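K.L.:
Annotation source TrEMBL lists domain 'Ig-like' at 40-132, 251-334, 356-428, 435-556, 563-655, 662-698.
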Amino acid sequence: MRVQHNRSPSCVSLEIRIFISPSYMERGVRSSSGSRFKGPELNIKGTQHVIQAGQTLNLTCRGEMVHSWSLPEAPSKEGKRLKVIKYACGRNGKQFCSSLTLSRAQATDTGYYSCKYSSSSAVKKKTESTVYIFINDTGSPFVELHSDIPKVIHMTDGEEMIIPCRVTAPDIAVTLKKIPLETLIPDGKTIIWDSRKGFIIPKAMYRFIGLLSCETTIDGQKYSTKYLTHRQTNTIFDVKLNTPNLVKLLKGDSLAINCTVAADWNTRVQMTWSYPGEANHRASITKRIGQRNTDANIFYSILVVDKVRDIDKGQYTCYVKTGPSVKSVNTTVHVYDKSFITLKHRRKSVLEAVAGRKSYRLSMKVKAFPSPEVVWLKDGLPAAEKCARYVVKDYSLSIRDVAEEDAGNYTITLSIRQWNLYKNLTVTLIVNVKPQIYEKAVSSFPDPNLYQLGSKQVLTCTVYGIPQPTITWLWHPCRQNHSKARYDICSNTEGPFTLKTDSSTGNRIQSITQHMAMIEGKNKTASILVVAEAKSSGIYSCVASNKVGNVERNISFYVTDVPNGFHINLEKMPIEGENLILSCSVNKFLYKDIAWILPRTVNNQTKAKRHLTKEYSTTLTLTIKNVSLEHSGTYVCRARNIYSGEEVLQKKDVTIRAQEAPSLLRNLSDQTVNSSNSATLECQAHGIPEPQISWFKNHEEIQQEPGERCKYPFSFSLSSLIAAYIPPFP
């Protein structure tokens, strides 16, 4: 006999298997293949039937195929009161019949009784006949009675919920109450009464949560059965183990793994384990529930293995199930025979980092158990104590903001003192430094440098880097500007050209040498380029390179024929009536927009300006003809710096001298000179412009034409006459 549940939790299916002769089966097959198929028929017509408690229930089922019975759970367990007989029936015994007899019927026998064909039959029409049997017992109006401990009914918001207070007679009036005081009245919509099911609530909601009671009164006696509704959820917040992903143990150690589940208040979970020694029951498992806060329940399942062995290594998984929700978390256990330390270089024994890197990590390949004590040393001293930038984590040493002084030997020491195990390994760190040019860092010259035409110049480039950089000198000549512009900007250059000693590209290079120099505590390389004669303008570049990178310093080399690149020249200080000539010259690579600013006293008298652009400079000449005293004052030449944009001024004070008539400062006096001696006569005169002095002897002007021998052996300058030889007077 096989029992199957059907329709409701209070119903089961009872299947009786009988050995039937082949001829009987053959008749059944023929019958089932007849022209008209009918479903099974019960001897009781209608959907329900009532009998009194203590009576015998007799049901007969007739059909054209083999069939089985499905009945409530209580009578299915009564082997003594229940009897089922199968037999052939109908004309010529071609039908299948069975009778069900239930003696001494009880209230708990109330429920659905069904006769149905086998589910393996390929019949698509009616295969089942059902009747609901009430066993009327005035002393037991409810089929199930829960008076002391209420039955839990699980509910889900918005879904159907049934309060299964079924009764033993269809006419029993039942009232549904929510304890303590509320009466829930069936309205045919939100609450529906069905004597065969109980109270049906199509869409359960919050108001139905709590303790409910089904009540009725029979012959003055009050009966009630209670139900506790529980709004169950399947919400698991978190599942975790108290162990890492890998657990390492020595043989004989104890293993304890705690699986913790955080779930919603109305969630109940089922926690199970799978583990390597499960077949041998190697672990003991305990469970408990706790409360972390008002938002969740905490469930614990603790697995413990005493004195682990090889059989206990492998994966341990904690499974958590609630409704359709399933979650799991696992860890792996390794069991070692003894403690050990294995230490190797992760890459090479010599490592390289670059200064300025945000972080660099030194690490080793370590396999050890139990976990050893770790100490990192730098050049024999504890690294973490030596510098706050060193951070030790596990088997790694991280260096923050890598600097040149971080270079050195780093040693990791591992020790497991209780097992007397010690290992150490050293790695060398080289910190490479990108080339740096000293002059580039300290230079305070925003404008290009000017070099006097034809001068000898020495350019120096002091370089530092690790490894030691190579230094190359390059020349970028200024591209010649053939336009009529009065200035040049050496931004468009040609080249570059690599320079060597005796190179003649641009300016002849007399020599390129280098030597080591100790500057600011560092051994730096100084490269010196000597320009034999400055003639060409351009840019010299000093390029320092190593494996980290390169750096370049550009030296603007502008040749000038103007002192300091800006100069005013006054040919002579003029006298009234003469011409004033001022020249303002600027280096054309450094200045532009040259102009004269005249004193206010200068009127619109004729003045001329003339521009002259040469290879190295531009000259603006100011000429004022026939000047007067009013032309005295400060004359300003203005030019604009090409690179800074600032205006630069040069000033020249001019004083126009007034004309004065010549006058003798001292009269001549008589002199007596011996024959054959020399005599000097001096004439001191003053006048503006400077007077012209003429000498006379006996009212006859003394003259000396070029190439003509003087009649007298006289020589004279502007203010003196010398008689080299005085002959006797005739």
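Just so it is clear, glycine is given a Cβ too, placed from its N, Cα and C backbone atoms.
Remember, it's a predicted structure, so these values are computed and weren't measured experimentally.
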K.L.:
Report the listed stretch (40-132, 251-334, 356-428, 563-655, 662-698) having the maximum count of Cβ pairs within less than 8 Å of the domain 'Ig-like' (435-556).
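P.N.:
Answer is 563-655, with the largest number of Cβ pairs below 8 Å.
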K.L.:
Is it possible to list how many residues within the domain 'Ig-like' (563-655) are helical, extended or coil according to DSSP?
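P.N.:
Counts, helix then strand then coil: 6 helix, 53 strand, 34 coil.
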K.L.:
Take the domain 'Ig-like' (662-698) and count its residues per DSSP category (helix H/G/I, strand E/B, coil), listing them in that order.
P.N.:
0 helix, 13 strand, 24 coil
